[in-house]
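Quick notes on the structure that follows.
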Amino acid sequence: MLDVNFFDELRIGLATADDIRQWSHGEVKKPETINYRTLKPEKDGLFCEKIFGPTRDWECYCGKYKRVRFKGIICERCGVEVTRAKVRRERMGHIELAAPVTHIWYFKGVPSRLGYLLDLAPKDLEKVIYFAAYMITKVDTDARHRDLPTLEARIGVEKQQLEDKKNADVEVRQKRLEADLAQLEAEGAKGDARRKVRESAEREMRQLRDRVQRKIDDLDRVFDRFKNMKVQDLEPDELLYRELRDRFGAYFDGGMGAEALQRRLADFDLAAEAESLRETIRSGKGQKKARALKRLKVVSAFLNTRNSPMGMVLDCVPVIPPDLRPMVQLDGGRFATSDLNDLYRRVINRNNRLKRLLDLGAPEIIVNNEKRMLQEAVDALFDNGRRGRPVTGPGNRPLKSLSDMLKGKQGRFRQNLLGKRVDYSGRSVIVVGPQLKLHQCGLPKQMALELFKPFVMKRLVDLNHAQNIKSAKRMVERARPVVWDVLEEVITEHPVLLNRAPTLHRLGIQAFEPQLVEGKAIQIHPLVCTAFNADFDGDQMAVHLPLSAEAQAEARILMLSSNNILSPASGRPLAMPSLDMVTGVFHLSRLAEGALGEGRSFSSVAEAQMAFDAREVALQAKIRVRLRDTTPPSDWVPPADWVTGDVFTLETTFGRCLLNEALPEGYPFINAQLNKKAQAAIVNDLAERYPKIQVAATLDALKSAGFYWATRSGVTVAIEDVVAPPNKAEILDDYEQRADRVQKQFDRGFLSDEERRSELVQIWTEATNKIAEAMEENFPETNPVYVLVNSGAAGNMMQIRQLAGMRGLVSNPKGEIIPRPIKANFREGLTVLEYFISTHGARKGLADTALRTADSGYLTRRLVDVSQDVIVREEDCGTERGILTRIARKGADGVLVRDRYAETSAYARTLASDAIDANGEVIVPAGTDAGDVAISQIIEAGIEQVRVRSALTCESRMGVCAQCYGRSLATGKLVDVGEAVGIVAAQSIGEPGTQLTMRTFHSGGVAGDDITQGLPRVVELFEARSPKGKAPITEVSGRVKIEETEKTFKVVVVPDDGSDEIAYPVSRRSRLRVREGDHIEVGSQIVDGAVDPHEVLRILGPRQVQLHLVDQVQEVYRSQGVSIHDKHIEIIIRQMLKRVNVLESGDTTLLPGELCERARFEAENRRVVETGGQPASARPVLMGITKASLATESWLSAASFQETTRVLTDAAINARSDSLVGLKENVIIGKLIPAGTGISRYRNIRVEPTEEARAAMYSVGAYEDGGVEYGAFGTGSGQAVPLDEFDYRSSGDFR
């Protein structure tokens, strides 16, 4: 087997017949599979043991050799090698074909590679391959030229002979006619009889002349065809071809089928063809030049690689190992087999029949038909259904060919190589575990015992509870009491991974320390539910066990839930108190007027606690408490003589004192009622300023307090708590009358239907809002429903409005708003009509959700694919460039306030240049991480814009550098080298995809003028599609003139430089952004709507199109209230603009019109310029994510994404080499991924001993001059040296 760690590249190429024979362990000659009586493989058949290896370990076919001691012997009786049965997974066979066949991928793919190489149309190629036309493969032009006069003379002689013969025959007939007529006259026959005889004779003579003329014409045609015959001419007329072959067979060769192509390819001069194509490209224009370019790509692919074009025609077919196309016996004694066996059997049957026909010397027509059938059988084996009707099995199901084995979700790539099943894992239903700490999970005992079985068994043997592993295993299976104690010991501090499908982002898998629990359900900490998107209505989760010490260390350090509090998408905490916890804290921090014990003073919190326990003071009563060792609230005004650290008295409640005990020491006292937003702000602040351990502890304390006081608060919802506003009827009456007035105006013809609708919609929207206000005012503050909404625990006012106010307006299936509202609420109940019209919205919601989930998943998959090789490869690329971002804007009072988008643009980035205030003083130097503190300093200094480093301007050749990426949002520190930031970016954009809406909004119910929004808009942007009804942008700067016609506006721009005016026709329905006489700059948008990104790239250049795309994507996410950092979107856009289109190739090896990566283009140009050559020129290209994924340098990654056969065909012809830099390629071949601790700078760390360590080793005599040899993980002999005495030097940061 290949050892994946011993190669750095993987090349794919075209296999020649010799390669196939070299791989093979023998020829498969018979179509038989297994003997149905003995169930043993047939000799020379598709499962033959002699070819593929034994079916049982160390046992030959006939049974002469059994047992491992005969290893490697080949049995002289049956010829089977004695070895392991697993060789049947890797040994191949082959079928020697009686006639060559073409490989369907190269003939039938789009574009047809064979067609491009030979310059034949695919239709003509098909005629040759499937025996419908002859092809001339060779013409001896010199001999033809030499002998042409002789041949022409010979043909002339033949024609003359025919003429002479014709004349003689006609003369003979003429004489016979005269004799006949004389005889008739002598007999005195009538004129009628004489005329008949004459006509008959003339007819015969005419036929004679025609027959000879046809022969002469045929001779001319044959000779003309021969004179003008060229290599690769097709001749569909079989008779003509035979005539040519009989007469001039010495001067040319021709044939049908793959044989003809094979002969043609053998004589094909690649170098000469390439030269003539380059000449055509230099001198040609238009269509001709374009075709020559495409052909040159294929020709130069064969020229530049070791591939031979002969590889596209096969003399033998490989047979894949039998264990990859198994045959298994079912219960009923029948057999189930892989479709491939059927396809192979068809090939073998037809091949054997063809061999027999050739041996018998059968007529050409029969042989050709058999060859055609063999070609079709091989086509079906390689790619069934690519040409003609697919071969079907029982029940008309198309058989799965070799190509189908690779393609799609069930194919080899995605099913078996990128997604494998995992040992040491289990799954179960989840339930909540409120008693757990943030880093813990509850693991059912049975499950833990099964998962940790090997560990428990080893420990039992170590502790002498069992003699050997076998008895230990028996003890575990019988669950002896001692086993549970050992299990408890084994799982201590051994983290497990929990995963909930769908794993939309990296927080879908986190590590926890297991706690054994009774029952069969896994227990989950309530605060990690947000990250997993889990609830307890029957969700299941999978458990995985990290085995090695390194895996455990990584799980504990990188994946432990208490280390993953921040969201990788926005850098803000995800582990927020929610639902009951919010209610509890809200209740705890509430201040109730007139409660028991109001106005009392206490000397300390402890005294207040005693009073509370004695029921003398209520939890929410306003009291005065003297606080010591406490930081006062930020809004507290201290007395004149107060200094920090003094005791102070505060008017607060006992509940708030309890709440503050949950917060870290030294945190400012919180003296306010905390709803969800305020609680989130506190957690946010903690995450920004405190170590993770403390944040986790505080979150746990808040969780416990929340649950405890939510229970004590007694918040429950009864139907009586849903209180409708008492004046609802009056409000409705008022608006009802207004609606009637509008209806009357419409009936009288004062309003159009459109106006009536919009007026009614406006009236009822107003009514709904009025009722919502009345309802809100009507709720008492302690009403449980109101408390739930007010605290932010659950629901919002819109939902409460539907319960207690009125449902309001709904839309119909067309997407228009129905102008009659639903006046009832759910508390009163709806009428039948109201219920009916509201069903549409409800159903659409569910249908939309289902569609969105699939679309969003597909978007995530494409994003991951395009960005999977973006890894932080170096500390700093050293670029000076950056992008300008707005960090502050002027508020209403003219004071600078933080820009609302600074959170997703400037936050967590590295400054590219110093932030300098008006006096020229450096406030924050370049290279600083822009956290909340730095941003506040910059704003206080009156600076509005800063230049920050960005992935868009990073100059790393591969991936990005740590400085340009900035802070890792998930950890809050500068990103580590080796972090797979591309995958994180893709997950951050894809994960909220399900929340985005699907619908296309109608502007005010007008059909047509739709704006694409939500998920489809994000897809449109990332796929770089031209939007429907795109808004034009100006190509020059100048003044605007607007001309109106009946149907359109014409916006004319008069350029400043006096060149020709440019007119932009615009639909009358669009909203103009410019007015007559305005002066506009290049790239200004003329009307509202979506702009074509390709236009932006063409007119304004790459930087502007990057910023435009970031901005547009953010617009969609912001409209749904989703916070994603710009840097994630930038990484995807960097990948979309990675390539350039070569315009002129200069002296480089690049081809004009070729797409190539910018890095390769620049390197090639540098090479040429250094040798004094002419560099190439190119223009940047914006590629959609699907195209960019398929255009990647890695053929493994592209093939596992989409269009597998096309990618592999292309890669094989170009002998593409995959340098295994991305993640997917390495997962596919089973190597460690080059990210995180798998990156070479962490893998190749050598631990050098210090001087003290060397000295300590003298005593053991293990020291040899020339250094110390260490095996893996320092397994040198000698005494153990304390770890902290080792000096790791600068060989890499050892985390």
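Keep in mind that glycine also has a Cβ here, set from the backbone N, Cα and C atoms.
Taking all protein chains in view, 20 other C-beta atoms sit within 10 angstroms of the C-beta of C75 (Zn(2+) 1 binding site). In this structure, C75 (Zn(2+) 1 binding site) belongs to neither helix nor strand by DSSP; it is coil. If you look up Swiss-Prot, you'll see C60, C62, C75, C78 marked as Zn(2+) 1 binding site.
According to Swiss-Prot, the Mg(2+) binding site annotation covers D535, D537, D539, on the basis of sequence analysis. With a 10 A radius on its CB, D535 (Mg(2+) binding site) counts 10 other CB atoms from all the protein chains.
Close to C954 (Zn(2+) 2 binding site) in the fold, though at least 6 residues off in sequence, lie C877, T879, V960, C961, C964, Y965, R1134, each with a CB less than 8 Å from its CB. The annotation Zn(2+) 2 binding site is assigned in Swiss-Prot to C877, C954, C961, C964.
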Secondary structure of C964 (Zn(2+) 2 binding site) (DSSP, helix/strand/coil): helix
Among C60, C78, C877, C961, C964 [binding-site residues], residue with fewest other Cβ within 10 Å: C78
Which listed residue (D537, D539) has most other Cβ within 10 Å, given these are binding-site residues: D539
Cβ-Cβ distance under 8 Å to C62 (Zn(2+) 1 binding site), same chain, at least six residues away: C75, R77, C78, V80
Chain-mates of C60, C62, C75, C78 with C-beta within 8 Å of site centroid, Zn(2+) 1: Y61, G63, K64, Y65, E76, R77, G79, V80
Spatially closest candidate among D535, D537, D539, the listed binding-site residues, to C60 (Zn(2+) 1 binding site) (Cα to Cα): D539
Listed in sequence order, residues not in C877, C954, C961, C964 with Cβ within 8 Å of the centre of the Zn(2+) 2 site Cβ atoms: E874, D876, T879, R949, A951, T953, E955, S956, V960, A962, Q963, Y965
Beyond the site residues D535, D537, D539: chain residues whose C-beta lies within 8 Å of the centroid, for Mg(2+): I430, A534, F536, G538
